[in-house]
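> Structure in structure tokens, see below.
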DNA sequence: AGATTGCTTATTGCATACGAAAATCTGTAT
DNA sequence: ATACAGATTTTCGTATGCAATAAGCAATCT
């Protein structure tokens, strides 16, 4: 049985009990209690991203439900959301399967990501305050430190944090949400190649921050585009290297 | 009672009966029968887009369900999908409300649309075949004809069709899906200003098609950006005119 | 042997049931 | 009249039940 052994909710069977345990798993505070399906969504997404649930794997509702200690209903709803975001495929009358990204799709996603991130960098350069710049430097330092320490986890986290912050700086909420989704998926795709290009990436990050600091939108856009394009190329090369055709 | 009077399913109460009537309403053929929630999704989206369901309106699950002749379940699932796409807001324990776009949000969406469409035009210019170009001309002619006939419906449809086709030409599926979603929302936003700039728009369309025909990506991008930016400006002006602050 | 048909089982999709939270209403006190 | 407290109603969120479909398997036919 390929049941993952992650959160596993206690025997608590009431709605409240299930919610609490799952929420703590997701480490979130809720004023107005978020629906259970939200916690389930986050739990499942996490399981997919960290590859506990493998691409192509058939996700049986009742199994996930029992694993998380809830009923099928919230699981269904979470799975459907995961579908619209491209994490799983829902085949009518057959159920959910963890999405298996094709090379072509990954490449397309990375190019879309390029376009969106480039635009966000441009906007960020137009709007960043000195305080924002200070924060950017901080994130950059953290990333470089993590890289020096060869702490993969930390580098990945720092990378995500830096990009997320620039995205926020753009001031365009619609754009930011889109990038958040796309980026997460992109990271999932190129996770295998991890830190093969760590050094270069953080040099490029420095260039991006410089452009934002100087308030030069065109330059920021150019450098960000270069950066994300390099990532895309790295992905391609990695792919060609590992699948020698 | 603000019950919409649109599809209204026959008294058929079985699963099969309800599915059939809704499917025919959505005018779709299904080999492997699409889930009912899909049909409900389309029906609700249509009701929102054509403003039968008004922004801010509280959507009560049971009412929608009875109106469509199904149970709450598929309605819930459809509503959740509509939320992830930005058509409704789901407030915990309160239910669904048709999303009310703010001016800021509309502007942001239109600028994202600009970026995405611009990129798709660039790709289209790189890839379009002579056959594709022929089809583009055809769509263009249809639009101009509709404009001459002052048939608003037709113009809107032709406009959507042309943009959709260029989007397809890009060959980037991920991008295309994104544009489809964004565009549909954008049209919903600026629907009020309808055809105030019909003439100009179709002149610009001609420019875009020319650039694609000549296979000049940079030019296609430039012109498409100009076009979508003009739309955005028109939206702003319309807004400022109608809400004199 | 290989394909085909009918049966069994597993799993989904929808409907319904029920408890809990929010909104609304009512009556009372100030 | 207004504000507040409590009860009532409405509506959601989750759980469960049931019919229908798809996959798996065995027996049969060619």
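Glycine residues also receive a Cβ, built from the backbone N, Cα and C atoms like all the rest.
Straight out of TrEMBL:
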| type | residues | note |
| --- | --- | --- |
| REGION | A:1-29 | region 'Disordered' |
| DOMAIN | A:34-101 | domain 'HTH gntR-type' |
| REGION | A:225-245 | region 'Disordered' |
| COMPBIAS | A:226-245 | compositional bias 'Basic and acidic residues' |
> DSSP says what for the region 'Disordered' (A:225-245): how many helix, strand, coil residues?
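For the region 'Disordered' (A:225-245), the helix, strand and coil counts are 18 helix, 0 strand, 3 coil.
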> Per-residue pLDDT averaged over the domain 'HTH gntR-type' (A:34-101) comes to what?
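Summarising the domain 'HTH gntR-type' (A:34-101) by its mean pLDDT gives 91.
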> Across the domain 'HTH gntR-type' (A:34-101), what are the DSSP residue counts per state (helix, strand, coil)?
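Going by DSSP assignments, the domain 'HTH gntR-type' (A:34-101) contains 35 helix, 10 strand, 23 coil.
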